[in-house]
Amino acid sequence: MALGLVPAPQGPVPPAALGPAPQGAAPQPALARRLTARYLRQRSARRLSPSPFPLFSLASRPVPQPLLPEPRPALSRSPSQRLLWRGLVSQPLWPVPPPVLLPLPGPAPWHRQSGSAGALQLPGTGERGLGRFPVLCFPGTCCCEGSWDVGLTILGETHEEEDEILPRKDYESLDYDRCINDPYLEVLESMDNKKAQRYEAVKWVMVFAIGVCTGLTVLNDCVLVGAMLLFSLTVPAAVEECTEKGCLALSLLELLGFNLTFVFLASLLVLIQPVAAGSGIPEIKCYLNGVKVPGVVRLRTVVCKAMGVLFSVAGGLFVGKEGPMIHSGAVVGAGLPQFQSISLRKIQFNFPYFRSDRDKRDFVSAGAAAGVAAAFGAPIGGTLFSLEEGSSFWNQGLTWKVLFCSMAATFTLNFFRSGIQFGSWGSFQLPGLLNFGEFKCSESDKKCHLWTAVDLGFFILMGIVGGLLGATFNCLNKRLAKYRMRNVHPKPKLVRVLESLLVSLTTTVVVFVASMVLGECRQMSSNSQSGNNTLALQGMSEDVNSSVKTFFCPNETYNDMATLFFNPQESAILQLFHQDGTFSPVTLSLFFLLYFLLSCWTYGISVPSGLFVPSLLCGAAFGRLVANLLKSYIGLDHIYSGTFALIGAAAFLGGVVRMTISLTVILIESTNEITYGLPIMITLMVAKWTGDFFNKGIYDIHVNLRGVPLLEWETEVEMDKLRASDIMEPNLTYVYPHTRIQSLVSILRTTVHHAFPVVTENRGNEREFMKGNQLISNNIKFKKSSILTRAGEQRKRSQSMKSYPSSELRNMCDEHIATEEPPEKEDLLQQMLERRYTPYPNLYPDQSPSEEWTMEERFRPLTFHGLILRSQLVTLLVRGVCYSESQSSASQPRLSHAEMSEDYPRYPDIHDLDLTLLNPRMIVDVTPYMNPSPFAVSPNTHVSQVFNLFRTMGLRHLPVVNAVGEIVGIITRHNLTHEFLQARLRQHYQTI
């Protein structure tokens, strides 16, 4: 017989697995947090333990709890191998006796399991089976038995065989669903029409303020980027004046010094706030989908993002600033209505509105739309972008608010840019950062048409090629991202900075050498001169937007390659759109290839970066190349090169990001040409369909690489073969309506669940069970009072009808009540609930007959009464909401809705609380604060119905309740991810 005390496993172990401290040891929540942080860092860095004891997935399962009457988690078990594990908190609140050695036998007949959550899930080591672990048991506590399947994979890690990323469970969801509890009902009761109108008016004011602040933020970046570009472009001006006596090397070193310095500063800002890296669109998409990405909408993030993108663009990297502007707008939308900041704690105003994730979601949608509108001058496109790319919940009122916010951002930017650029305050001449100018044929070319019906065939082919190019871009970038996750991110942060500097160094050298060696000297035409004037109208200054670069070319000629590389990206796009016949096919091909590879390598490094403008520029070169080939080799003289450049830009951008509706409207608004609507729409649809055949869009790829459980718009058709009972989690961690503080603290400290079902148990002889225990008596009384029967409801309605001023109705009610049966015989539903029902037999098909009684005890019937959130339980403990066993629950203090939401959005952590002043035997009545009417589904509900309800209503937890009101499982976001559903579908096929 083996002893339970064996050598501890190597590698990091979660705090819950460490056991309680010896007698007299003080609580050490800081130690628990440090161990948890160390574990999560090592897990994210792929540092798997070489020990036969693999790491725990801390966010997946709780450990067991004490015995009744307090709720206790249970462990799932295999009939062949077992693990002995005791229910203990990560840090004990009160002194406990010293540990004793305990053997590891099989299950004894006296052993009893509770009906709560299953065992801790272990990451896989390539072997199937169960692990055996050391256990410490203490006198006076129960040691529960269970097992762990170690053939699983770390959530968020990569299969070595399948190279697949699985969603991680340690991402929190946002509470978009309203909690209709007693404090909220009190607010509704006090709400009248005037208060409702005032609340709506304040919301409109906040939406307008978000639009204005977003426009000012984009304006600030626009002005600063122009100033930095003006400073950095002094180097190309010096190159033009150089001779062949060694001045080129000095100019190259000067350019390298500028670019490396700017990129280094951008990388330092990302080290301060890592979530500021990238475009921010995947993070905002996750937030609007209901996933809480840490730090994504904090003030520090928008400062680092806005400043970092300035240095990234000025540093010569092939990145855009439009994507970060969308993220900045979303942060403004999330933070401005709160009137307080976590980063700047002195910013604290007593603003009683919008203290929920539901309200913040609407403002984030408006802010993201405002960022798109300001960047492209497309308020309608910004509204559709917010709808298409993120928001899972939408209504007509939100549509108006988002559009109003987008308009406010667009005209704020337009007003100030027009005044600063032209000195004409009050005029609106520059609607957005990126304006494609006016598309029109030259008056001298009578054969030219913007596009014809014949051109649609070429546009479809360009859409196919653009989808293939976009799929190739995404595939290469995905491989680069995986390489960074395995070889760059686990290393010290300095390595990320060095990678950014390496990319900057390579880009600068390639651009410099390509302009010197591969460029062609082309004759300067009148079109080029007029193009310069057009460009000057679009940008910030004549010097910044100077279009042509001579670079060792004779007079009246210019270097076409240098003109594309050594201009701001917006100016290069306008060159390709409006300069007809000035770029050779060889130059366009080499420029496209170099820009394609360098922009793919750049996206994903540790700097703030966008992808819209680089994709547009790369696609414009592709489209311009097609136009030149059609003119030169097929002889199509009627085509307009700018149209093909625009369609090429749409095709490549659509193939990369896979957006359709919003991108169509954005491009139409940017061109101010409605006739381009049909070709742009067809091209984007074809590019999306072609790219989707090979992989997902770039933003979805990066979301999946991070293991974020993002929910798509709908499930696949074959998923309807599954029911809610196939995907639900039957192991539950629950609380009773009246629960002791000791039990609540134990549950909160040993689990990471964010909501707990409030249940009561069904027992045969409840009257005998109630004797001598006030806590159990309160729970059973609450269950009886909460059961709604048809007879009881009819009696209530009949009694209410007695007050009706009609003697006939009163006589009818009296006669009806006189003929009713006694209450003891009428409540048939209550009698059914008191019986013992067997759980679903197909949940554990490999269960042996000898374990039937333990499975019955472990999954005993539980009457479902509602859901209560972790944040609510912690708030109740912090504010001392409890009563003693000698008193009634009416003596418990009551909290208002404002008091419950006072700590939003940073509720206290249970490990940070000093609960020594609380009596562990005190009882908490959670019924006034739970949600008694959450959304619920039947076990036989199809997965498509479950998915649509969960996503469209913005749910975080979805209970599965059978026909007699018993909770049989719960569905969370993780249970609806594509990977989880695929795994369940494979199991379904195996059981057929």
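Cβ coordinates are placed from backbone N, Cα and C, and glycine is handled just like the others.
Per TrEMBL, the features are:
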- 1-29: region 'Disordered' (REGION)
- 18-29: compositional bias 'Low complexity' (COMPBIAS)
- 204-231: transmembrane segment (TRANSMEM)
- 260-281: transmembrane segment (TRANSMEM)
- 302-319: transmembrane segment (TRANSMEM)
- 363-386: transmembrane segment (TRANSMEM)
- 450-474: transmembrane segment (TRANSMEM)
- 494-518: transmembrane segment (TRANSMEM)
- 586-605: transmembrane segment (TRANSMEM)
- 642-668: transmembrane segment (TRANSMEM)
- 930-991: domain 'CBS' (DOMAIN)
Residue numbers, six or more beyond the limits of the transmembrane segment (494-518), whose CB comes under 8 Å of its CB atoms: 248, 252, 255-256, 259-260, 263-264, 266-268, 270-271, 315-318, 484, 488, 549, 551-552, 559, 561-562, 565-566, 587, 590-591, 594, 598, 601-602, 605-607
Top partner of the transmembrane segment (450-474) among 204-231, 302-319, 363-386, 586-605, 642-668 - counted as Cβ pairs under 8 Å: 642-668
Cβ contacts the transmembrane segment (204-231)/the transmembrane segment (363-386), at least three under 8 Å, sequence gap 6 or more: yes
Most Cβ pairs under 8 Å with the transmembrane segment (586-605), selected from 302-319, 363-386, 642-668: 302-319
Cβ-Cβ under 8 Å with the transmembrane segment (302-319): same-chain residues at least 6 beyond its ends: 217, 220-221, 224-225, 228-229, 231-232, 255, 258-263, 265-266, 269-270, 272-273, 276, 280, 325, 327-328, 331-332, 335, 503-504, 507-508, 511, 569, 595, 598-599, 602-603, 607-611, 613-614
